[in-house]
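K.L.:
Let me begin by handing over the structure; questions about it come next.
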Amino acid sequence: MAYSDKVIDHYNNPRNVGQLDKASSEVGTGLVGAPECGDVMRLQIRVNPETQVIEEAKFKTFGCGSAIASSSLATEWVKGRTVDEALKIQNTDIVKELSLPPVKIHCSVLAEDAIRAAIGDWKKKNGVAEGAEVAQPTAR
Amino acid sequence: MSATVNGNGNGNGSVTAPAGVKLPIYMDNHATTQLDPRVLEAMMPYLTTIYGNAASRNHQFGWVAEQAVETAREQIAKLIGASAKEIIFTSGATESDNLAIKGVAEMYRERGNHIITQVTEHKAILDTCKRLEKAGYRVTYLPVKADGLVDLEDLKRAIDDKTILVTIMFANNEIGVVQPVAEIGKICRERNVIFHTDAVQAVGKIPVDVNKMNIDLLSLSGHKLYGPKGVGALYVRRRNPRVQISEQINGGGHERGMRSGTLNVPGIVGLGRACEIAGEEMEAESKRLIALRDKLKHKLEGSLDYIHVNGSMEHRLPGSLNMSFVYVEGESLLMGINDVAVSSGSACTSATLEPSYVLKALGLGDDVAHSSIRFGLGRFNSEAEVDYVADKVIDVVQKLRELSPLYEMVKEGIDISKIEWQAH
């Protein structure tokens, strides 16, 4: 499969890789996907409690190059936005930016889910009214 | 913390190819092999000046072509312990498999309607069997054990008085596991059931003897043993017992009526020469490949945790190694080592988004199947290439694991199998 230059760039130089303190009230964590489906994304945001601006974002992804690129791009895009602005990011924007082929659209959907899940987690911690929630894995 | 993954294009990552190693490296010899220059040399006259139709009986153009075909038939027969008259030329192993299975099913319909195969067969076998199921045949798909081998007791139990054919591959294309073919042949002979084996991956790599192994029908292909594409053969036993098949292609009655169509003389000459070379060099070459494969395995195991071999190490083709690099997705690994041609069992590399059915048949979870890479070493791979590939894979796996939330969780002591993931 041929990858777009942008996918290759994110794969070779992934932005914002890492981990934020899950326990912090300023941090929201989204963990989406499933190992048996071949992709798992963890996207974390640190939100300024005064301004509700996402000041930091980190990710780690198990998945194909397109999944890595989608989540790397998602961290770039959420940074500097308020949580409400970040919720407006749609998977189709990611598809367009990375020129993902149809078979890789699910990677962009997962990245959008990851953003929503991280914001949902932050809102829950901070008692903010819930927006669209995304199912997250739970310990069983 | 950050991770940088190299490997865009020309191996410009932190692992560089040593002098003498030319990129890209081909290490996918289960898929196909490079045409041996000696094979091409044998074929060239038949692609240029010797163009007769081997079926032309009335002039020397035909006679010369026919002679070349008969020489090739001898060369192929010799490699598998058959006689020349038992070799039927086809377009490749898929056609040979179709001809064998459908040909037996049709010919022996009066005797029974039951066929036995196993779950890790190539699609050329499985899809042919499925087609016959629609036509009223009964097919038993034997499971395999965790090491990829069929259980002979399962086979014995599956045979009934309506069983006409057992078709079990010699060696698997994905995991390289070699089935107990001689034992299967013995069981089939005792129970008076025809035994077909798809031996595409085995012929020319390991010893094959149709008489010692009681094989009645055997499929082989040119391009898997350094011969040309588009040519293959089906061995059809003529004696003890004589096996008959219904032809699937009608026409001029070539190949004693079993496969009509003008013979692909250059391809056949190439297949013959490829078999001759394989026979001469098999012993030394298999030792060399086993040493290279084991070196690759040991280097990877020496530097990486959470990796394992899929399928039996003991019953395995010399150049074959299928490994799972757990917590790294296969396609992303291929992307990082894109100056090395290998294959992955990952769903993402296929159009279906389903991970390899062969790996799943071994009992591997989908997550581990997604992490698998098949290395196929062949005649033209060198030790320097193996060293480079090992270093490159280690480098990329380590970088991708820095990116992997699963690897991080496991390292922190979290049991990820206890997490209720949301399948999507």
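Using N, Cα and C of the backbone, Cβ positions are placed for all residues, glycine too.
Where the annotation comes from TrEMBL, it is an automatic prediction and has not been curated.
Quick caveat, the model's predicted, so the values are computed rather than measured.
According to TrEMBL:
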type	residues	note
DOMAIN	B:25-389	domain 'Aminotransferase class V'
BINDING	B:A93, B:T94, B:N173, B:Q201, B:S221, B:G222, B:H223, B:T262	pyridoxal 5'-phosphate binding site
MOD_RES	B:K224	N6-(pyridoxal phosphate)lysine
BINDING	B:C348	[2Fe-2S] cluster binding site
ACT_SITE	B:C348	active site, cysteine persulfide intermediate
K.L.:
Neighbour count, 10 Å Cβ-Cβ cut-off, for B:A93 (pyridoxal 5'-phosphate binding site): what number do you get?
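P.N.:
So the number of other Cβ atoms within 10 Å of B:A93 (pyridoxal 5'-phosphate binding site) is 27.
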K.L.:
Among all the protein chains here, how many other CB atoms are within 10 A of the CB of B:Q201 (pyridoxal 5'-phosphate binding site)?
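P.N.:
Taking all protein chains shown, B:Q201 (pyridoxal 5'-phosphate binding site) has 29 Cβ neighbours within 10 Å.
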K.L.:
Using only the residues recorded as binding pyridoxal 5'-phosphate (B:A93, B:T94, B:N173, B:Q201, B:S221, B:G222, B:H223, B:T262), report the maximum Cα-Cα distance in Å, whole number please.
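P.N.:
Across B:A93, B:T94, B:N173, B:Q201, B:S221, B:G222, B:H223, B:T262, the widest Cα separation comes out at 30 Å.
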K.L.:
Distance between B:A93 (pyridoxal 5'-phosphate binding site) and B:K224 (N6-(pyridoxal phosphate)lysine) at the Cα atoms, whole Å?
P.N.:
10
K.L.:
Give the helix, strand or coil assignment DSSP yields for B:K224 (N6-(pyridoxal phosphate)lysine).
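P.N.:
The three-state answer is helix.
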K.L.:
Near B:N173 (pyridoxal 5'-phosphate binding site), how many other Cβ atoms are within 10 Å of its Cβ?
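P.N.:
A count of 22.
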K.L.:
What number of additional C-beta atoms lies within 10 angstroms of the C-beta atom of B:T262 (pyridoxal 5'-phosphate binding site)?
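P.N.:
Excluding its own Cβ, B:T262 (pyridoxal 5'-phosphate binding site) sees 12 Cβ atoms within 10 Å.
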K.L.:
Taking the Cβ of B:G222 (pyridoxal 5'-phosphate binding site) as the reference point, list residues of the same chain whose Cβ is under 8 angstroms away and which are at least six residues distant in sequence.
P.N.:
B:G92, B:P228, B:K229, B:G230, B:V231, B:G232, B:G267, B:G270, B:L271, B:A274
K.L.:
CB neighbours of B:T94 (pyridoxal 5'-phosphate binding site) within 10 A?
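P.N.:
Cβ-Cβ neighbours of B:T94 (pyridoxal 5'-phosphate binding site) within 10 Å number 20.
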K.L.:
Least buried of the recorded positions B:H223, B:K224, going by other Cβ atoms within 10 Å?
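P.N.:
Comparing Cβ neighbour counts within 10 Å for the recorded positions B:H223, B:K224 gives B:H223.
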K.L.:
Rounded to a whole angstrom, what is the C-alpha distance between B:N173 (pyridoxal 5'-phosphate binding site) and B:K224 (N6-(pyridoxal phosphate)lysine)?
P.N.:
10
K.L.:
Of B:T94, B:Q201, B:T262, which binding-site residues come within 10 Å of B:K224 (N6-(pyridoxal phosphate)lysine), going by C-alpha to C-alpha distance?
P.N.:
B:Q201
